[in-house]
Amino acid sequence: MADSRAESEPLLSRARGGSGRDCLEGSAARRSVRGGPGTRSRRDLCFDQAAVFIEDAIQYRSINHRMDARSVWLYRLYYSNTCQWILSFTIFLILFLAFIETPSSLTSTADVRYRSAPWDPPCGLTESVEVLCLLVFVADVSVKSYLVGWAQFRMNLWLLAYLAVLVVSLMDWIVSLSLVCQEPLRLRRLLRPFFLMQNSSMMKKTLKCIRSSLPEMASVLLLLGVHLCVFTMFGMLLFTGEEQGDGQDRERLMYFRNLPEALTSLLVLLTTANNPDVMTPAYSKNRAYAIFFIVFTLIGSLFLMNLLTAIIYNQFRGYLMKSFQTSLFRRRLGARAAYEVLSSMTAEGEAHRQEVGVRPQDFLQVLQKVQLDSSHKQAIVEKVHSYGGDLLPADEFQKLFNEFDKRVIKEPPPRPEYLSPFLKSAQFLFSHRYFDYLGSLIALGNLLSISVFLVVDADVLPEDRDDFVLGILNCVFILYYLLELLLKVFALGLPGYLAYSSNVFDGLLTAVLLVLEISTLAVYRFPHPGWKPEMLGLLSLWDMARLVNMLIVFRFLRIIPSMKLMAVVASTVLDLIRNMRAFGGILVVVYYVFAIMGINLFRGAIMAPGNGSLAPDNSSAPCGSFEQLEYWANNFDDFAAALITLWNVMVVNNWQVFLDAYRRYSGPWSKIYFVLWWLVSSVISVSLFLALILENFLHKWDRRSHLQSLAGDPDTTCQRSVELLFRDVLEEPAEEELMEKLSHHPHLQLCR
């Protein structure tokens, strides 16, 4: 009762011409506590509420949650780094269990001919870990449900599904233990990816966009099916009426001997995986038959498949901007809520002042409570100090949150000061960018020398090789890298040298090379004609040194920022990596679900020849078959092998081999599984990936002039994130819209 009363009490109780009992009660309460013992506790509560709103704004979270003292404490604890790390680790752990639990992937190879018996964990081992993970998820959904309130929980489909998945998983876990882990199907394994999806708002948005584009994709897929059926019937009429004569006729008739085979052949041709194999027999008989296959490929592969990509891109066109717009609204809403809380305290403490705003000292005190890295805090503190002691109005308060989108670049430490003119000239020379270019040129020579000797020694037996010249070159290059390191430390100072990540990488690489080179010389002596370092174990020290030398190629990445067009492309790639986490998560979910389904459907279907298997011997297997190509490692006998098999099918190179093999070993129904996987992975997922790449790249490329203008910006201590880069093309939420949203907050009452 006390908690409910505290929650319903107006948090922002400054009456601004409003009316109603809540506002009156809030004002009376304010007068009663002013100067009383509860003033400090209420002030601390307001500070905690403002800190929570600011953290919600920084992380683009919803502010629709309980705001009483106990809920605020629980909310901040839940979103602390420790709790979120525990939740993320639990999600990773329960997904990783698929590699360990029966059937275990703990074997050196997936090839059924050479694979040893896998280790099967005893019943209850992985189940104990799994139930601990499920208990963490139970605590997670319980905390979320409490914080959003019962009314919001009933309307949140994701939380309801979260609860349902947990109930089913726990019931299935109980069934497993009651059957001593011998149950034929574990339903909860198919549900595990849900824990990953429900924990990512971006994955939910991506899934929502996919769901909204399903009708358009279904229309194209239906048209694609009609295209396949029409050409299948046409091909059956063209190619099954001929009498079987020579070998080419028999091979040609094999692709169209019945309706399922003809449909499968043309479906594979749609992916160009069996082109020109499927066309060659007919084309050898009569060149006019090529028209049939060319027209089919033009309509199916070049028109309909690209049309599907265009539809997905059209659906996702603006998806990035819509996501940024939603994030901007959440940022502004959280900031406005924090402003209202802090400005209400200003009105209580300084009732004689007519202006409305936030005291800078109050905001700075709240900022110390916010979970934020020190560099951003320091930037915001400096920004607030620039306002002096004046109250922060709402618009200036909102502008402070733009600092959170900037990636602060620390200023490098000051360089050493030398008195000698010669040392000053040397310092200028060795700190110049042309010295870096010289280092990259030397690294190129190192790389070319290694490549040349690898090509020359490719046809020479190891015992006949003479590594004298390459050994001398290696010593020279490593000495230069060591000299370059020392000269840069001289010019920049040790702190200045370590301030650049490229220098840290070069330094570590040089240290590794130097240790390997000294070890090589200590064991094999100095290079001389006929010098042949012996093979010790898997690799000799000499081979290890040559492999590490290949890492020198990364030195060239430092040249990219100096080339403007290449810098735009490189920055786009980096932004894609940062913003493709949602797509990567969706891909993980799809792979996980299909891998578990494949294990349940095809485990043990592929057996090594000679062990009671119907598989023919490699010498008698048809050319191009699963057995002749030795695809034995592509099976569904464990989770890791299933993932690799799905990857190989997704690439669609020779995927007709998998269709044929599993048709023979498991039955014709297996084609449904592989065709469905092809649709989800190669068609929908790849099209989605292309759409997101185009969306990101086009926006980035169109705004390259904006990037160039930033080069002359005096604010050189920070880099813009993607959100801030597109901020000027987003629509700022109106104040009325923000206040309207705040007025409907389920746990917050504004008295205005």
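A Cβ is built for glycine as well, from the same backbone N, Cα and C atoms used for every other residue.
Those TrEMBL annotations? Automatic predictions, nothing curated.
Residues annotated as region 'Disordered' in TrEMBL: 1-23.
If you look up TrEMBL, you'll see 77-100 (among others) marked as transmembrane segment. Taking Cβ pairs closer than 8 Å, the transmembrane segment (77-100) reaches residues 55, 59, 61, 106, 121, 126, 129-130, 133-134, 136-137, 140, 143-144, 147, 189, 192-193, 195-196, 199, 371, 588, 592, 595-596, 638-640 in its own chain, all 6 or more past its ends.
Annotated domain 'Ion transport' per TrEMBL: 89-316 (among others), in sequence order.
Tertiary proximity for the transmembrane segment (157-180) is limited to same-chain residues at least six positions away from its ends with a CB under 8 Å from its CB atoms, namely 123-124, 127, 130-131, 134, 137-138, 141, 144-145, 148, 186-188, 191-192, 194-195, 198, 204. For 157-180 (among others), the entry in TrEMBL reads transmembrane segment.
The transmembrane segment annotation in TrEMBL covers 220-239 (among others).
Per TrEMBL, the feature transmembrane segment maps to 288-313 (among others). Remote same-chain residues near the transmembrane segment (288-313) are listed as 213, 216-217, 220-221, 223-224, 227-228, 231, 234-235, 238, 266, 269-272, 275-276, 278-279, 282, 683-684, 687-688, 690-691, 694-695 (criterion: CB distance under 8 Å, separation of at least six residues from the stretch ends).
If you look up TrEMBL, you'll see 432-697 (among others) marked as domain 'Ion transport'.
Annotated transmembrane segment per TrEMBL: 434-456 (among others), in sequence order.
Here TrEMBL flags 468-492 (among others) as transmembrane segment.
Summarising the annotation, TrEMBL assigns transmembrane segment to 504-524 (among others).
Sequence annotations record features per position, and here TrEMBL assigns transmembrane segment to 582-602 (among others).
For 672-694 (among others), the entry in TrEMBL reads transmembrane segment.
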Folded-back contacts onto the transmembrane segment (582-602), same chain, C-beta under 8 angstroms, at least six residues removed: 95, 98, 103, 185, 189-190, 192-193, 196-197, 200, 202-203, 205-207, 210, 635-639, 642-643, 645-646, 662, 665-666, 670, 673, 677, 680-681, 685, 688-689, 692
Whole-number mean of pLDDT values that fall within the domain 'Ion transport' (89-316): 86
